[in-house]
Amino acid sequence: MMLPMSSACSGGQFPGASPHGIIPKQFSRAPRIRVSIRGAAGVEKSLGLGRNAGSQQGMHKNELHDKIRKQLRDVQLQPSSYDTAWVAMVPVQGSHQTPRFPQSIEWILQNQYDDGSWGTNLPGLVVNKDILLCTLACVVALKRWNTGRDHISRGLNFIGRNFSVAMDEQTVAPVGFNITFSGLLSLATRTGLELPVMQTDIDGIIHIRKIELERDAYGTASSRRAFMAYVSEGLGNLQDWNQVMAYQRKNGSIFNSPSATAATIIHGHNYSGLAYLDFVTSKFGGPVPVMYPQNAYSQLCMVDTLERMGISESFACEISDILDMTYRLWMHNEEELMLDMRTCAMAFRLLRMHGYDITSDGMAQFVEQSSFDDSIHGYLNDTKALLELYKSSQLRCLEDDLILEEIGSWSARVLLEKISSKMIHISELPEVEYALKCPVYAILERLEQKRNIEQFKTKEQLKIEGFKLLKSGYRGVIPNDEILALAVDEFHSSQSVYQQELQDLNSWVAHTRLDELKFARLMPSITYFSAAAVLLPSESARIAWTQNCILTTTVDDFFDGEGSKEEMENLVKLIEKWDDHGEIGFSSECVEILFYAVYNTSKQIAEKAMPLQKRNAVDHIAESWWFTVRGMLTEAEWRMDKYVPTTVEEYMSAAVDSFAVGPIITSAALFVGPELSEEVFRSEEYIHLMNLANTIGRLLNDMQTYEKEIKMGKVNSVMLHALSHSGGGRGSPEASMEEAKREMRRVLQGCRFELLRLVTRDAGVVPPPCRKLFWLMSKVLHFVYMEKDRYFTAEGMMASANAVILDPLQVTLPPSDSGTL
């Protein structure tokens with residue numbers, strides 16, 4: 001996500017890199033500890049369930065922040081023994097007896113493990129195919145220049161002892177292992193190496209390569225050509241090297257792969273790639289990574305991970321720098337960003353959600369399914385790239401954005417096909433199913449973050465992973481353990497805050513006497529969950545949001561039949577008069593309780609916001625309440641008079657305001673950002689945002705509850721649309737409720753697109769933090785009405801609320817050797 005020499009990132013360094021290479025580090029091991037964070041009455045103030053079991057048994061919180069911040073600013077890449085070996089085999093141009101990169105040979109000599117192997121061979125890690133591949137490559141490289149006789153001997157002994165691993169089809173393997181490993185075996189034989197392996201076993205491995213080259217079991221012809229170019233070093237003279245050069249990047253590399261680039265040079269077809277290898281070996285002091293550059297992908301992954309784990313706010317400055325640089329890469333159509341499907345899609349998603357002014361034009365290259373099928377991603381069944389495309393397609397801001405529409409259509413279809421045909425790896429299946437079930441616009445951040453924390457992989461769990469799309473095991477130096485520790489600590493701290501705020505809200509309910517209203521669906525936990533789950537930034541914003549959710553729900557129930565016509569008219573007049581309510585009086589105790597709950601709470605919110613707003617903004621809250629109850633009264637009068645609006649438009653003129661988003665957002669907006677002037681609240685933009693949010697809520701509600709509301713004698717947009725197209729010569733008599741719902745979904749989709757466009761654009765009268773509230777409200781509404789009206793069947797909502805506020809995390813923290821957070 002960064003240019004190589006950007007200020008935010010130097011472009012990637014190996015930890016401890018020097019001209020003499022990197023000495024492998026040995027890591028201590030200890031039993032892991034199960035950590036459970038209890039909520040409610042059983043809140044644990046620490047995560048201590050064993051030795052040093054704090055929020056992270058190990059580093060101080062500041063040290064964790066510093067390590068993550070360092071990785072964000074300066075990508076740390078693991079050296080690849082496999083790729084370094086191939087680079088070491090490149091001769092000086094015109095002299096096949098002299099190595100072009102002696103520093104790479106020196107690194108190989110200095111980085112052999114005691115057991116004779118090369119690669120990622122940490123204590124406790126079982127010998128795998130990646131280690132065998134790296135070891136054979138390094139042995140062949142040393143033999144190529146007749147150096148390191150003892151190293152070669154120890155390496156050959158290691159290969160002989162573990163060769164059975166190469167033949168084990170159940171062992172995880174790097175991409176293209178059957179081709180790259182057998183190619184090295186052939187090369188080893190030609191260089192005179194005597195492998196301590198039965199010739200029949202060697203022949204068996206080479207035969208596997210022959211079978212793979214002859215069959216067409218994987219992908220399309222185009223994807224197969226791309227894949228064979230990617231693993232071309234394993235093909236030797238079997239490769240069409242002119243065809244490989246079609247995949248050369250501007251930097252001279254083949255797929256940004258040092259090994260593939262080195263192979264094309266060795267075979268005399270890519271001397272322009274020498275500049276690429278010169279740069280990479282110079283930058284890292286001899287060794288090379290498995291892919292370079294990969295700054296953009298590495299940093300975008302870090303940003304995405306921090307956001308998904310709920311700790312991105314602690315790194316806002318670094319993330320801003322990364323996204324600024326990513327935006328520049330995007331605008332300049334840089335290959336590092338645009339030529340990799342997963343990187344491009346992730347960049348688009350993050351940039352759009354952070355308000356950068358980009359169109360979907362950069363995604364046009366993926367508008368056809370063939371963009372996946374004919375690529376390496378398709379050949380390797382790369383589900384993660386496909387899933388990233390699907391996620392990005394959901395961020396449409398324009399109804400006529402056919403690019404994202406087409407991407408979303410085919411990517412969802414392919415993912416579903418892969419699920420039904422069981423072509424998705426078991427470890428990836430939950431994430432795919434979750435993404436298909438829960439679209440981006442219906443995900444509540446805190447709920448998803450808890451899920452991500454509990455499923456997050458530590459470094460220990462990642463030891464046998466990381467082979468996707470890479471020829472040698474790439475694990476990077478992403479501080480997974482530190483990220484997990486901070487996320488657990490932050491979630492635990494947040495739960496303590498949430499529980500205290502919920503207690504305060506329960507006290508407020510009693511103080512306002514709302515609990516005396518028998519009809520009131522108060523549900524403080526569920527309503528507070530909607531504020532906590534979307535990560536409203538301050539306590540005051542969460543409290544104001546929740547109080548008004550409770551109030552609007554209670555008032556809505558009052559207008560739905562619990563109040564008489566006289567009482568309803570009385571409440572509307574009281575709210576209209578506001579401070580002069582004493583002139584009117586109360587028609588009942590119920591009206592008095594409702595009015596004073598609304599009135600006093602609104603005044604308290606406005607007074608609390610005065611230090612931020614530099615004025616008393618209670619008039620805006622009062623006005624939003626008046627619009628709300630006026631719409632509710634109109635709907636109640638329709639119901640009591642058995643009047644059916646003649647058009648959907650007439651119905652929506654009251655139903656939009658009556659959905660009651662106004663008081664909730666207006667109150668919370670006073671606490672989320674800069675001062676909101678009179679002009680902001682009166683602006684066309686603010687009014688349009690409010691109308692969109694209310695319309696989204698109304699349509700979602702109507703589509704889920706129309707059957708119940710018809711029985712209650714209430715009108716509904718779905719029913720009205722069906723009626724308007726079923727008789728009187730005004731439309732098709734065959735129109736049905738399902739057809740009406742489809743039309744409402746189309747209108748809903750258009751409103752959602754327009755809302756996202758307004759929220760993510762980089763200009764506007766309404767400040768971005770305030771605009772974001774409308775999108776958060778839309779996400780809550782989509783979540784609530786995703787399957788059914790969860791306010792009437794609240795088990796699912798209560799379970800979700802408990803997950804965020806009360807239920808303990810179930811997570812395993814890695815061991816550490818020093819202090820706690």
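One is the number of the first residue shown, and numbering goes on along the chain from there.
Even glycines carry a Cβ here, placed using N, Cα and C.
Quick look at what Swiss-Prot lists:
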BINDING   Asp556, Asp560  Mg(2+) 2 binding site
BINDING   Asp556, Asp560  Mg(2+) 1 binding site
BINDING   Asn701, Thr705, Glu709  Mg(2+) 3 binding site
REGION    1-23  region 'Disordered'
MOTIF     556-560  motif 'DDXXD motif'
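Note on the binding-site residues Asp556, Asp560, Glu709: the fewest other CB atoms within 10 A surround the CB of Asp560. Residues in the motif 'DDXXD motif' (556-560) partition by DSSP class (helix H, G, I; strand E, B; coil) as 5 helix, 0 strand, 0 coil. When the binding-site residues Asn701, Thr705, Glu709 are ranked by how far their Cα is from the Cα of Asp560 (Mg(2+) 2 binding site), Glu709 comes first. All protein chains considered, the CB of Asn701 (Mg(2+) 3 binding site) has 20 other CB atoms within 10 Å.
You'll find the Cα of Thr705 (Mg(2+) 3 binding site) roughly 15 Å from the Cα of Asp556 (Mg(2+) 2 binding site). A straight line from the CA of Asn701 (Mg(2+) 3 binding site) to the CA of Asp556 (Mg(2+) 2 binding site) spans 13 Å. Reported as a whole number, the C-alpha separation between Asp556 (Mg(2+) 2 binding site) and Glu709 (Mg(2+) 3 binding site) equals 14 Å.
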